[in-house]
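Questions regarding the structure given below will be posed in turn.
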């Protein structure tokens, strides 16, 4: 599509034809007036009445109107002809005459001067009419000029050559219809003579032949005159003629009639578009300027899908329908080369005098003679004005460059001569020391680079003169452009260079282009000397999807100082307010320390810029865009990639790095050596180091990479500048993040020896302002001798929730305490107790095993959906960005907030079919933790405390992944980054606002305190602990507050608050049961030390590693039945509540033991396994057993290897099998714990409901006595011969679990006294950990609180968690010594949900037991499980026989009356103790093995 848009009211729409017949006497009845000899169009005068009345003498068709302009008469174009020629044409017609006329308007009236002084687009009807007028004028008139005749020109035929005075006199007399200047010479078109020169007019046939194409009788005009005629083009035919003001020339200062005659045709030798002095000229008038065109030349049709249109002011522009863009530039002229300024000569290259007025102006320039401002020059391409002739200016600059080059060559010759003299002198005096001459600057092998030191950047149009590395690349244009921005080209003698690369753009992905590269050629077209706009338009003209071949030259700095504030005028559309940098290893200019003699010259570079800021401001005042145009198609918010070259000095690179607060890698923390780091800015994100991507590397890995660089070597950094700020609560805005490593340790790169360690005492010596590199000298050594951080710690930390600390500088991070506080406050992390959140998009490719994570939550309306367990080595784990506990916001763009769990599963299934998924997750950014004085720095920090050497043995655990390393929290290992969790735990955040406070709660005699404590243990990675490692440093929190309770009435407790101490005793490292004991011993008043937490991680968000217990009972301070083994083997020391980190002990290490099997086994029992989402721990040590006698093993130690096989992801049954199959010996590799064994929450078992841990309800220490599966199935040595999976199938062999089968003879008895029931899944552990026992008084008090009846699923979840409460465990301990009646009341049959038949059997059994204590013992599962001696005393056959006989007798002897009475009595008890709902069988109920 190539067309010109015109408005309907253009004069061409009013043109009409009229045929007028002559009258009987031959009269026509039409009077013609005007004519070119009067400076007018021929127009209609008086019209005869007969013609107007339409009588026989009238005409046919539309009538002629008086005053209408005559354009054609009998097919002859008469515009510009004198009146006598028009009358001659009319007289030649015999009967009828056909006229083509148009009514006069504001633009087209009878004044020829007015119409000729306007400028129109070539090819438009107005332009064609102008050409017709000129052609007709030249038939009778000869143009005149003030320039001298040239060879071959005939005066009076080609031109009338006049002096300037004669020309001005002629103009003043009104003889000239057109007046203009070209190259300083006046040109004019006079009126035709009022009478024919020879007395004869031109015949109609002659006019027809001339207008049909033959122009032999028309004098051939020279190039200058044709260019003068075609110079200025104004696009006004689309305007309403009555509203358009007249457009006058600026040739004269008069505002009268003579001003109308002056012309602006001055300008461009080359074109049909461009220059007039009127301010409406626009860039569309500048492009057909590249090649000289005659008046008859035609640029041809527009390209396909291009369209020509006009603005309201008549300015032409072009529409590209391919890209839906508009341009001022004619696409037909883009590839035409512009003539350089210094090569311009005067008109036709002939000089008569060396005058400015005789110099040829370059394309796009115009000379204006103004009576007020004098003579000045307008650059219509770049929209600027200047007083100096641009040609003379360019020539002077060229001469200056040549002089500079000559001077430089002379200097080089002198230097070479001096060098030769030096060599000769050295040869003659070889025995002497070298002379002082080497102090003289050596010869420079690259003279081009020394040009800027002379005050002018080097420039050349010859690619062979470039000194540097040539790079060839091919880029394909995307929908966003080529992905780079360009600076330079403000002047024709300025390089066009790469300013920056757009992230993920074609240029950045190609990897060859760098900042500062000079663009030499585009598609084999040399662009050296092209203006900025020209090159940009070349790139823009390339269609999307097409490729472009680029030749670049590397080795020239950008032509401005990046520190110069004036350079902000040269900005990029794509990258807002970004300062270009000087890169590519230009140490000659970058390092004033080593080149101090050149500093002044370098700094003076900005003063030598050919374009002053005023010029740039002038450009923008004309309405042009900034000089730097984006090639990225307006990516306004994208960051930019910048290449920086830095040479490592004696003190390092001169900058420090730290983890990015928003994740994604390492950022430049501080610039220490500004001259060395020129081009680098604080806050830059390091993307690549020496072409290697480091975004996915940890802090220490990046540091090690920089440390390994030798001194004096050059490092190429690709940094990302700009983009999005530190995330707060804004929506997802981090598409550029690669990894969310959120520890905020920082690292000094200014000294490679200070990279390793720094003690906290030294950290306070760092100055708050920019310190010199020497200030870090005290930190260069580590008293521990550790040179590099433990890689296992780094790996484990990067895979755990512990690193979720975006703004947590370690004490040794190089900042003083005050600095850290200011740093936190500056990011608003210390201003409010409620942490901010950060959203992140994570794209995952599906593996064969799936995406590698689990989904939790969404089971109730409004319940959030969270990321659960991350499958090791799965897709999510490999990617490294997704974390357990992240809240799921969107799945493939579909919001899932408030949606159901099922919907998310469906979305993930759809994503699985596609093979990839895009997740939007939200995680908490920070959790403020109080700063401790003796805090040990986190190993995630770049500095390590000298008093806490990390165990190198821990490297052996690298394959174990994050699972086992996370369990070191309770053992105080240095591998954790928790706070106060052990010797290695370091505080991450300093807060001046969030401080702990004491809460005192008083309860009545008959009520509990009314709050639920939730403890996080073992696996914070699998939970939803949004507070990062707060769950490790402060594992105990408020999970629920009972409405109306003392805790609720005090008003100071909130769900999510972390508990630091109970009654002044720190509970950071205490087990859940110890805390319960402390509260029970407190009596009616308890004092809690609290730090504000968050309500999002409350009891409804319990994790796989959390257990809960309700402190709502009316218990007394008395406590009974504690387990001696647990207390006597605890190695840990309780820390004081000053919240100092517990000191590291010598036991916090790894060790190996070999045990030989004794008479009763190896003498220890296990807890945990993969099926329970736990690691394996030592649960008990048998008295005087092999494990106890070895002296190394302790309760709570984590088992890492069994007989050389790692326990990572090992099932409990597999561990048993390994130990059994090992023969008489077993070799264990263990990790020292703190004496406490992590509790297991059965509700988190993967065999439970799909809801996972989110479905765990509150568990109160109420009357629900029915026990759930034990995690501690401790087998005697003589029963180890059973199947390794026998504990899973034990319920199938249980006689009590089935009413149809009698007891099996091979039933397994455990120390816990479990009797498995398939119908209920309940296993009755009798011997349990001390925290599992309860006293009777606490149980009765809990019954008064009246737990509500739950559904079977809820009750099943609740009872699993209930067995973790201290009261229940104590109750089991006391069952050994209570009376048969008490045991009878706790019979599991009484706790069942009572259907009549079930209650009937339970009642009959109860009556039979009352009749016979001996049988009562035989029928009690508790008694059977108490000890192996009793199990041996009663054979399975005897127990089976007795139970069957008793059941038969009970069925026969029972009476309905007695049964109903007993049922009523049972119902009365049920009102006090609600019956338990029947549960489904629970698999793998026994997971602990006594070995």
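Cβ atoms here come from the backbone N, Cα and C positions, even for glycine.
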Write down the single range among 411-462, 463-514, 515-566, 879-930 that appears in Swiss-Prot as region 'Disordered'.
411-462
Of 932-987, 1156-1211, which range does Swiss-Prot call region 'Disordered'?
932-987
May I ask you to name which of 730, 1351, 1379, 1395 Swiss-Prot has annotated as phosphoserine?
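Among 730, 1351, 1379, 1395, the residue Swiss-Prot annotates as phosphoserine is 730.
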Looking at phosphoserine as annotated by Swiss-Prot, pick the matching residue from 1283, 1387, 1412, 1435.
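Annotated as phosphoserine in Swiss-Prot: 1412.
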Could you check Swiss-Prot and say which of 13, 568, 1071, 1402 is marked as phosphoserine?
1071
According to Swiss-Prot, which of these ranges is region 'Disordered': 586-623, 624-661, 662-699?
586-623
If you measure residue 110 (ATP binding site) to residue 1071 (phosphoserine) at Cα, how many Å is it?
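With distance taken Cα to Cα, residue 1071 (phosphoserine) is 106 Å from residue 110 (ATP binding site).
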As a quick check of your reading of DSSP, tell me how many residues in the domain 'WW 1' (300-333) are helical, how many are strand and how many are coil.
3 helix, 13 strand, 18 coil
Would you identify the secondary structure of residue 106 (ATP binding site) according to DSSP, in three states?
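For residue 106 (ATP binding site) - judged by DSSP and reduced to three states - the answer is coil.
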Within the domain 'PDZ 2' (472-554), how many residues are helix, strand or coil going by DSSP?
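Across the domain 'PDZ 2' (472-554), DSSP assigns the residues as follows: 15 helix, 34 strand, 34 coil.
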Near the Cβ of residue 110 (ATP binding site), how many other Cβ atoms are there if near means within 10 Å?
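That number is 18.
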Can you tell me how the residues of the compositional bias 'Low complexity' (411-421) break down into helix, strand and coil by DSSP?
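Each residue of the compositional bias 'Low complexity' (411-421) counted once, the result is 11 helix, 0 strand, 0 coil.
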Residue 103 (ATP binding site) has how many other Cβ neighbours within 10 Å of its own Cβ?
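Its Cβ shell of radius 10 Å holds 15 other Cβ atoms.
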Counting all other Cβ atoms within 10 Å across every protein chain shown, which of the recorded positions 104, 109, 1071 scores highest?
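Answer returned by the neighbour count: 1071.
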Counting across all protein chains present, how many other Cβ atoms fall within 10 Å of the Cβ of residue 107 (ATP binding site)?
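Neighbour count, Cβ to Cβ under the 10 Å cut-off: 24.
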Taking the Cα atoms as reference points, how far is residue 108 (ATP binding site) from residue 1071 (phosphoserine) in Å?
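Pair distance, Cα basis, whole Å: 100 Å.
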Have a look around residue 108 (ATP binding site) and count the other CB atoms within 10 A of its CB, chains all included.
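Within a 10 Å radius of the Cβ of residue 108 (ATP binding site) lie 23 other Cβ atoms.
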